[in-house]
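In what follows, a single structure is set out as structure tokens and then discussed.
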Amino acid sequence: MSPGVRRAGAGQGAATAVQLLITLSFLPSVVEAQVTGVLDDCLCDIDSIDNFNTFKIFPKIKKLQERDYFRYYKVNLKRPCPFWAEDGHCSIKDCHVEPCPESKIPVGIKAGNSNKYSKVANNTKELEDCEQASKLGAINSTLSNQSKEAFIDWARYDDSQDHFCELDDERSPAAQYVDLLLNPERYTGYKGSSAWRVWNSIYEENCFKPRSVYRPLNPLAPSRGEDDGESFYTWLEGLCLEKRVFYKLISGLHASINLHLCANYLLEETWGKPSWGPNIKEFKRRFDPVETKGEGPRRLKNLYFLYLIELRALSKVAPYFERSIVDLYTGNVQEDADTKTLLLNIFQDTKSFPMHFDEKSMFAGDKKGAKSLKEEFRLHFKNISRIMDCVGCDKCRLWGKLQTQGLGTALKILFSEKEIQKLPENSPSKGFQLTRQEIVALLNAFGRLSTSIRELQNFKVLLQHSRDTSTLWWERGTLRCHCI
């Protein structure tokens, strides 16, 4: 090769290297520049949330999730999809969920009624069960199986009037305990049309959106030419606050789940031993402002908005757990006391946050219209919780169900303020209750959001490191170019 050709090649290589350097150095600053400042529809800034989460919430919520009361979650992963014929369950090994053997479940969790938390309440269970069996026995002798099912459905309907989610029936033989620590949320390889259909159904049929308005980057929508999504956001800004909030909550949840998958990605597998860790390329594909045409930073801002909503719910529900009747009972007296102390400590931190979202600004119009809108809001979200039974990957379904149930519980809390204020100190409340399933979902879902924001900080550091490494590489490359 002639020196001239080598110099031309070197020149082209240098140009490419410069472009790569510019791209890598530009990315972290763009991410930071666009995911910063004050959030829309509230008066809180992102830097305050980052600091609060890093130094107060994240270390404590991580410890709480490791406690027995919060690590075991009862879930039915075999419920059929109510909306379309299923494609069959994912055969990828990382999609599999390992249920927890009954022998591993703490006795207090296994024996306790889903609405009882204290040792005293659980000790009365046997007597209540006998009375209930006697009543059911009298009914069962005269009713057909179809009628029995109807009675169960009616009871479930009565119990669900304040629920934003459709809860799994913990008495079902298909419901199993899962150890969340042994089944972490991470990238499983589940993707493509099956996953797209789930999210498409959530956004297109449940986010108050007309069919004529197209979401940005929707792989199932027809091409919109030069429309980069601005028409969608023009439509969104024209909605009432409640419907904008609904969309942001779903978008924030979607962003949080995507962040978990990027942060816990299968990097390699040697001799059957997988290595999991952060995948910068996957993070850029999902959130980089250039690759997502500006959509990524918007999604990340919605993550922060969702964090604020659930943070507000925790601060509002604190009085429910501060009562002496609530013990978070597992059967281990010392651990139960430590768990409650840690939980109340977290609640104190949530109440100290100075820039909470004001839920009173929602459903504040005329009473009839506000009541109708609130019910529509509740039913739309409840429908989304049902769509989670259509997820083909068991591990994705597990964490999808838990996080939607956690958000649904947060919404239930926010719109039950009067009932929470009237809670009796030493007896169960008939006006407002939380099942153990709801409690576990609420705190674990918030733990996932806290982890997402922490992982986002980690990705910023990794991107910065990539830029510095690229700079060193470029400097070495320049020296080589001069030597040719």
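Here the Cβ of each residue, glycine as well, is placed from N, Cα and C on the backbone.
TrEMBL has this to say about the protein:
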type	residues	note
ACT_SITE	C393	active site, nucleophile
ACT_SITE	C396	active site
BINDING	R186, T188, W199, S251, H254, R286	FAD binding site
DISULFID	C90-C95	disulfide bond
DISULFID	C130-C165	disulfide bond
DISULFID	C393-C396	disulfide bond
SIGNAL	1-33	signal peptide
C165 (disulfide bond) CB neighbourhood, other CB atoms within 10 A: 26
Fewest-neighbour residue among recorded positions, criterion Cβ within 10 Å, set C95, C393: C95
Sparsest-packed of the listed binding-site residues (T188, S251) - C-beta count within 10 angstroms: T188
Cα separation, the residue listed as 'active site' to W199 (FAD binding site) (Å, whole number): 12
Max CA-CA distance, Å, over listed FAD-binding residues R186, T188, W199, S251, H254, R286: 21
Pairwise CA distance, C165 (disulfide bond) versus C393 (active site, nucleophile), rounded so that it is a whole Å: 20
Candidate recorded positions C95, C393, C396, pick with smallest Cα gap to H254 (FAD binding site): C396
Which same-chain residues, if any, lie at least 6 apart from R286 (FAD binding site) yet have Cβ under 8 Å of it: N258, C262, T292, G296
Candidates R186, W199, H254, C396: member of the recorded positions with the richest Cβ shell (10 Å): C396
